[in-house]
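Input: a single structure, listed below in structure tokens.
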Amino acid sequence: MSEELSKKHTNRLNKLQKRLRREVGSAIADYNMIEDGDKIMCCLSGGKDSYAMLDILMNLQQRAPIQFEIIAVNLDQKQPGFPEHVLPAYLEKLNVPYHILEKDTYSIVKDKIPEGKTTCSLCSRLRRGTLYGFAQRIGATKIALGHHRDDIIETLFLNMFFGGKMKAMPPKLLSDDGANVVIRPLAYCREKDLEEYANLKEFPIIPCNLCGSQENLKRAAVKDMLNQWDRQYPGRIETIFTAMQNTAPSQGVDREQFDFVSLTRDPDAPMRGDVAEANLPAFDFLDIANSGRIDLDAAKRIDIVNTYEV
């Protein structure tokens, strides 16, 4: 690598590193992900996202005003051809405590899922159960997963399109049994930034080949849709994620999230003006200085010229 290219490489890495650290720091602060004395079990798959998460958390650990412990954990699911030496060598080079777990979930998945069908759901459930149990065993107070902003948005659309639910991946989650807290420090990070960061840092990526033809998965189709939107309408993905953080249950249709049944009007509420607001055409009385709300003083000045009552 020439000196000029090396300088560009370093400058780009530094810029990207600062952005990712800032985004991770913001997510941690916004959701109170890490507290003083925490023991963080950082789950590594060997993919770009989990490598980046560990790298950034280790850097923040050195700078944070609080003390917390990081333990890296990888689950070897006994996939054929899995390079068992890669992660131990990398983690020992970093001098980070780690555990490599072994559980043959590969055989279970292949036995239970017909050929050609998506294995991700069962695979993730088996993996989650193993990691949850091990976290309790070592006394981990938080389990850190490497899901990023794109994963969260994709999951929302997957659940909308194929599950009929407005449900995504929360940045912080309490397990159903209450025994584990899951955190996603990369919740504010873009996948393309993490991919570039992994390339610049030259992480020893281990590809997942268990699922076979990944491009046939529903998630890949949703990802393509979102990528197309991002190209055609820059800023749309950011707006979607912002909207996910600004929900209004009273403006939706989910009866579990808001008690519509008990909604009643207050007959004693004071009336503002001679004419009820609901009877006024909003566009006639918009007060620009009042955030687009109806100018009730103007409404009050209307003369009622005709009334018919039965």
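From the backbone N, Cα and C atoms, a Cβ is placed for every residue, glycine too.
Going by Swiss-Prot, these are the annotated features:
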MOTIF     45-50  motif 'PP-loop motif'
BINDING   Cys120, Cys123, Cys211  [4Fe-4S] cluster binding site
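Sequence-distant neighbours of the motif 'PP-loop motif' (45-50) (same chain, 6+ residues past either end, Cβ-Cβ under 8 Å): 74, 86-87, 145-148, 186, 191, 194-195, 197-198, 203-208. In the structure as shown, the Cβ atom of Cys123 ([4Fe-4S] cluster binding site) sits within 10 Å of 20 other Cβ atoms. Regional average pLDDT for the motif 'PP-loop motif' (45-50) in the model is 94. Taking DSSP states H, G and I as helix and E and B as strand, the motif 'PP-loop motif' (45-50) has 3 helix, 0 strand, 3 coil.
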